[in-house]
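Asker: This is the structure, below, for whatever I ask next.
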Amino acid sequence: MKTFLFTFCLVAIFGSSSWIGTNSVWMELSLLTAKLPEGWNLPSYLSAIVQIACLGPLIYSIIHKGIKMTIPTVPLIFIFMVLACICQLGLCFFWDDTGYIFGAIRSWPLYLLLFGLAIVDAISSVLFLPFMAQFHPSFLNAYFVGMGLSALIPSLLSLIQGTSNYWCDDNKTPHYYPPRFSVSMFFLINFFFTCAAVAAFLVLYKIGAHKNSSQVEPEPKHSIQIIQGDSTTDVNEVNTESSFQETSSIPDSSSATGARLAFLLLTTALVNAQMNGIVTSVQSYATLVYSQNTYHYAVTLSNVISPLASYLQFFVKIRSLPILAFLTLCSSLTTAVIIYLAALSPNWIFNSETAGTIISIASSLIAAGLHSYLRVMFAALLREGNQKESRLFWCGAFIQIGSFTGSAIMFPLVNVWKLFHSAPSCR
């Protein structure tokens, strides 16, 4: 039990390195835009840089799968994690440096360092996930819990820092309070978290946890298995011993049809398009129109829900494709509500600030919970059976494909055609 919990914590810390770099920059945007010459155009430039970095997984996939070149996974993971540490440390000292690019003053050190972080974050989907195939299946949940922490840690730090606290004068002009600690200190704290992730990875490799795939997790005493049978869906409450017997009766995913595999991969892409591309692009428009606190509660509580929902797979395991399809539909409808709220900005839904606040926060939490749970459940199903490392590679690839597609769709809508409009801070 102690060994399991120790390994679980190490995997979660390792998983937190997946997107903490990019998320840390995003959570500082309110301070960065006030200081840097790009102003509120800065998010558009940074979004473009992150999307260019998404070419990293494509290049890796071509080398690994197309050319069939054998790439040593462990050294490569270590190199990328060290690169993330270097870029995170560089942000502490050079985030506000500028220089001339094509005759205009640009924050090119920030561009370069974010590009390095985004490369690591993007390629983690196709590099870190296959590495997790060597662990016991329960530790895949721990990895996704860590992915949730990669958003939760920067958002909590941002709340403590007080990046967007302000008061309004009689002329409806916002005046921002100074942050409790500087941008450099914020990036330094995230640097230490990234170093902790590197240390966790090295300890995992040193103790050989990835080779001990027979390590059994303590199954919850009462877990719910929802399984797709030949013609019915059964729900059974089982204890530890009967849980393994029931699991063994499930057809091995290696014999699953191509349609089942295609469903899992395509829904993985769809869920991640909503989670990492669509919601993140419009959430500020859907919440800031009601208040700054509404935005902070929506973002922070969503980041709390995400790792908790990832852990839910320990207790509720759904293998029925119709039920998973229904949950995916529910997540899509919730995402549609967020888009609708964003499209209404700067107006309130039902002309009510209270109703809008409740709906915007609730929809953000429901979407975050469903997206996180479905992402873990799809990965767990893809991991089952033979060729689990290859299946998790394609799971990671479709996570990145979905995220890129969602961002690519929303970028012109938000930044080119400007279909969404921000509300004044004071009204």
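Residue numbers in this text run from 1 along the chain shown.
Glycine is no exception: its Cβ is also placed from the backbone N, Cα and C atoms.
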Asker: With respect to the membrane, does Swiss-Prot record H136 and K418 on the same side?
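Answerer: Different domain labels for H136 and K418.
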Asker: Between 0 and 100, where does the mean pLDDT of the topological domain 'Extracellular' (24-42) sit?
Answerer: 83
Asker: Residues sitting near the transmembrane segment (43-63): Cβ under 8 Å, six or more positions beyond its termini, same chain?
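Answerer: 22, 25-26, 29, 33, 69, 71, 110-111, 114-115, 118-119, 121-123, 125-127, 393, 396-397, 400, 403-404, 407-408, 411, 415.
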Asker: If we skip the immediate neighbours and take only residues 6+ beyond the ends of the topological domain 'Extracellular' (283-297), which ones have a Cβ under 8 Å from one of its Cβ atoms?
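Answerer: Same-chain contacts beyond the flanks: 159, 164-166, 338-339, 341-348, 353, 356-357, 360-361, 363-364, 420-423, 425.
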Asker: Counting Cβ pairs under 8 Å that sit 6 or more residues apart, are there three or more between the transmembrane segment (185-205) and the transmembrane segment (298-318)?
Answerer: no
Asker: Cβ pairs under 8 Å only, please: of the recorded stretches 112-132, 298-318, 323-343, which one is richest in them relative to the transmembrane segment (354-374)?
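Answerer: Ranking 112-132, 298-318, 323-343 by Cβ pairs under 8 Å to the transmembrane segment (354-374) puts 298-318 first.
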Asker: Please give the sequence-distant neighbours of the transmembrane segment (140-160): residues at least 6 beyond its ends with Cβ less than 8 Å from one of its Cβ atoms.
Answerer: 7-9, 11-20, 23-24, 26-28, 128-129, 132, 180, 186, 189-190, 193, 296, 299-300, 303-304, 306-311, 313-314, 372, 375-376, 379-380, 383
